[in-house]
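Engineer: According to Swiss-Prot, the feature Zn(2+) binding site maps to Cys6, Cys9, Cys32, Cys36, an assignment based on sequence analysis. Summarising the annotation, Swiss-Prot assigns zinc finger to 6-36.
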Amino acid sequence: MKIHKCSFCGAEIPPGYGIMYVRNDGTIQRYCSRKCFVSATKYGRNPRKLAWVRKRQK
């Protein structure tokens, strides 16, 4: 089993968890939670500007 990384926050996603989102161009994006999924797709937020994201620049 492969452990994937969240496309938004960079957290590790264990097998059987998370959301796999396939865009129209065929790219696969994986999200650890609905919070990450909605922030990326619906609101178009930049993960580097959010305090709760692990990928954030310090």
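Each Cβ is built from the backbone N, Cα and C atoms, and glycine gets one as well.
Map the listed features onto the structure and describe their local environment.
Structural biologist: In the predicted model, the zinc finger (6-36) shows an average pLDDT of 95.
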Engineer: Going along the chain, which residues at least six beyond the ends of the zinc finger (6-36) come within the CB cut-off of under 8 Å?
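Structural biologist: Residues 47, 52-55 contact the zinc finger (6-36) from elsewhere in the chain.
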Engineer: Sort out the sequence-distant neighbours of Cys32 (Zn(2+) binding site) for me: same chain, 6+ apart, CB within less than 8 Å of its CB, listed by position.
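Structural biologist: Expected: Cys6, Phe8, Cys9, Ala11, Glu12, Ile13, Tyr17, Gly18.
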Engineer: Among the binding-site residues Cys9, Cys36, which residue has its Cβ surrounded by the fewest other Cβ atoms within 10 Å?
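Structural biologist: Ranked by other Cβ atoms within 10 Å, the binding-site residues Cys9, Cys36 bottom out at Cys9.
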Engineer: For the recorded Zn(2+) site, whose residues are Cys6, Cys9, Cys32, Cys36, find every other residue on that chain with a C-beta no more than 8 angstroms from the centre of their C-beta atoms, and list them by sequence position.
Structural biologist: Ser7, Phe8, Gly10, Ala11, Ile13, Gly18, Tyr31, Ser33, Lys35, Val53
